[in-house]
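Asker: Structure incoming, see below.
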Amino acid sequence: MKVAVLGAAGGIGQALALLLKTQLPAGSKLSLYDIAPVTPGVAVDLSHIPTAVEIKGFAGEDPTPALVGADVVLISAGVARKPGMDRSDLFNINAGIVRNLIEKVAVTCPKALVGIITNPVNTTVAIAAEVMKKAGVYDKNRLFGVTTLDVIRSETFIAELKGLNVADVKINVIGGHSGVTILPLLSQVEGVTFSDEEVASLTKRIQNAGTEVVEAKAGGGSATLSMGQAACRFGMSLVRGLQGEANVVECAYVDGGSEHAEFFAQPVLLGKNGIEKVLPYGEVSAFEANARDSMLDTLKGDIKLGVDFVK
């Protein structure tokens, strides 16, 4: 099993690489790529951790050496949010970065499962799909927008609010990965009920959690450590699916034939081909149905931005 992290010298990438070095199955290979010259050194640093995961780092303009033979590619390259920016402000820089990296993935490891972390995810996933279509290698079951951070935040905030063991909290988060497009299905959480006020405030907190971190770091960064953990959870689920483990389910932003939009975050069953099955997200409350329907114009606009960028 080989996993490649593109953008491995950044805040998310380093946290993700550390977690993968400690969690990947014995005998796995982990390859780190970043444009930054420090990247081989990050790999040397991590190589001192005593786990049976072979690690190599590559720097420079071309990610190809890191991608050869990759089964899973996780892309966190790009610029991070600063105070006053929203995820769409990142588009101008990150769109080109994702396009260039995916062009290399399409040539070097077209069958790899690709998880896009780089924001704005609603748009960068559409860019990746268009690039792969142009290259003639697009497989909608192998491309994912990583929305796991919305899920782990939901789990954490629900457990805090209701005094639950966070390990017992399970929730689907649907839609997209920014602002109003993030929709936690609180009505489905088992064993708890929320007042209308709690639903409204919790939904808003989950949607704005990224901004909460950006502001708390006072210009010193964005949500890198929690995103590293979220990306590791999703990456490990991809690996477990590839290894044939049964019933591996995660929410992800995918081209899953949704009635709502071309790309939509919802639960998917993972396996040897990536997405084995897109799962229904279940019954929703009136509040959730309204929130879902009113986000769709925003989501579709984000997707169109990505499609138009490549065309």
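Just so you know, glycine gets a Cβ as well, placed from its N, Cα and C.
Not my notes, these are from Swiss-Prot:
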BINDING   GLY7, ALA8, ALA9, GLY10, GLY11, ILE12, GLY13, ASP34, ASN94, ILE117, THR118, ASN119, MET227  NAD(+) binding site
BINDING   ARG81, ARG87, ASN119, ARG153  substrate binding site
ACT_SITE  HIS177  active site, proton acceptor
Asker: Taking the Cα atoms as reference points, how far is GLY11 (NAD(+) binding site) from ASN119 (substrate binding site) in Å?
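Answerer: GLY11 (NAD(+) binding site) to ASN119 (substrate binding site), Cα-Cα distance: 14 Å.
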Asker: Relative to the Cα of GLY13 (NAD(+) binding site), which of the recorded positions ARG81, ARG153, HIS177 has the closest Cα?
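Answerer: Sorting the recorded positions by distance from GLY13 (NAD(+) binding site), the top entry is ARG81.
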Asker: Using C-alpha positions only, work out which of the recorded positions GLY7, ASN94, HIS177, MET227 is nearest to ARG153 (substrate binding site).
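Answerer: Smallest Cα separation from ARG153 (substrate binding site) among GLY7, ASN94, HIS177, MET227: MET227.
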Asker: Do you know offhand how many angstrom separate THR118 (NAD(+) binding site) and ARG81 (substrate binding site) by C-alpha?
Answerer: 11
Asker: Can you tell which of the recorded positions ARG81, ASN119, HIS177 lies nearest to ASN94 (NAD(+) binding site) in space, using Cα positions?
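Answerer: In terms of Cα distance, ASN94 (NAD(+) binding site) lies closest to ASN119.
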Asker: When you put HIS177 (active site, proton acceptor) at the centre and draw a 10 Å sphere around its Cα, which of the binding-site residues GLY7, ALA9, ARG81, ASN119, MET227 have their Cα inside it?
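Answerer: Correct set: ASN119.
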Asker: In angstrom units, rounded to an integer, how far apart are the Cα atoms of MET227 (NAD(+) binding site) and ASN119 (substrate binding site)?
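Answerer: Cα-Cα distance, MET227 (NAD(+) binding site) to ASN119 (substrate binding site): 12 Å.
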Asker: Among the recorded positions listed here, ARG81, ARG153, HIS177, which has the most company in the form of other Cβ atoms within 10 Å of its Cβ?
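Answerer: When each Cβ's neighbours within 10 Å are tallied, HIS177 tops the list.
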Asker: Could you find out if DSSP has ASN119 (substrate binding site) as helix, strand or coil?
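Answerer: DSSP call for ASN119 (substrate binding site): coil, neither helix nor strand.
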Asker: Name the residue among the binding-site residues GLY7, GLY11, GLY13 whose Cβ has the smallest number of other Cβ atoms within 10 Å.
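Answerer: Among the binding-site residues GLY7, GLY11, GLY13, the lowest count of other Cβ atoms within 10 Å belongs to GLY11.
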